[in-house]
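See below for the structure under consideration.
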Amino acid sequence: MVRSSSSVTLETLSDPRRKIRKVIMTTMGPAADGKLTGLVAATFTPLTQHDEINLSVIGPYVDYLAEKQGIKNIFVNGTTGESMSLTLSERKDLAEEWCKRAKGKMDQVIVHVGCLSLKDSQELARHAARVGAHAVAVIAPSFFKPKTADALRAFLTQVASAAPALPFYYYHIPAITGVNVSARDVIEGIESLIPSFRGVKFSGSDLVDFGQCVSHRPQWSFLYGLDEQFLGALAMGAHGAVGSTYNYLGCDVQQLMSAFEKGDIVQARKIQFKIQELVTYAIKLGFDVGVNKQLMIEI
């Protein structure tokens, strides 16, 4: 089940199982550690057939990510988690359960708390701090859009003030929000407004903007969010990545990172091409949350 609207049903993917598996590799790479680096799985929100959140599967889900995919960090209630289609109560219940089940098994749980409403975002940030999140992330509001970097920084600053002790990340995804302010401009001087600022989840295709972020503030974590071109971001200095496909391709992408770190660009490119084949195939089917959830089942 998915909560957000979907043009492709899960049944649509019942036949191409062999094709999906054909383009997947099964090698294991190193997991992320310490500072927020390496792979971060953007988790799906499990739902029952009656469209209710299904908290009972989160424990096994955490175990699967840790044991089968080598994932040690998760990004909860983001785009992949259908956050904007959930109620505040549901988002709180999910955040609490993820934090509870991840304790001792995950290095970091980053909870996305962005909403259209500033007060709702602040409420979720305070809640994330109470239930043990390691960090919060915030997307730009997408209805009444901030038109300048100053306006967006002001919004982020007010959300961060609700949980000042938690590391804070800006979630940059202009294709979804329609907020086309460069991330480089957003982070300019932001540490004076948000002392807890620690980096950006950069889900945009502009590698020039991304590279300028990395070179401008190398001490922060800049995590890339377009799974199909992660290798390009690594070349620009990405510290890691946050993505939906890492729920089921974690081992493969960690092998890509390992090859890159060893200077084996040919092998890294080979793995990236295989991932691109899968993503390209999925895009033809819509590559929405329903498709992504089914890929996790099939693979």
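The first residue you see is number 1, and the count goes up from there.
Any Cβ shown, glycine's included, is placed from N, Cα and C.
As written in TrEMBL, here are the features:
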- Tyr171: active site, proton donor/acceptor (ACT_SITE)
- Lys201: active site, schiff-base intermediate with substrate (ACT_SITE)
- Thr80, Val242: pyruvate binding site (BINDING)
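Cβ contacts within 10 Å of Tyr171 (active site, proton donor/acceptor), excluding its own Cβ and spanning all protein chains shown: 26. Closest to Lys201 (active site, schiff-base intermediate with substrate) in space, going by CA atoms and restricting to the recorded positions Thr80, Tyr171, Val242, is Tyr171.
For the recorded site, Thr80 (pyruvate binding site), the DSSP three-state label reads coil.
Reported as a whole number, the C-alpha separation between Thr80 (pyruvate binding site) and the residue listed as 'active site, proton donor/acceptor' equals 13 Å. Counting only same-chain residues at least 6 apart in sequence, those with a Cβ under 8 Å from the Cβ of Val242 (pyruvate binding site) are Val40, Ala41, Ala42, Phe75, Gly78, Lys201, Ser203, Leu223, Tyr224, Gly225. Within the set of recorded positions (Thr80, Lys201), the lowest number of other Cβ atoms found within 10 Å of a Cβ is recorded at Thr80. Secondary structure from DSSP puts Lys201 (active site, schiff-base intermediate with substrate) in a beta strand.
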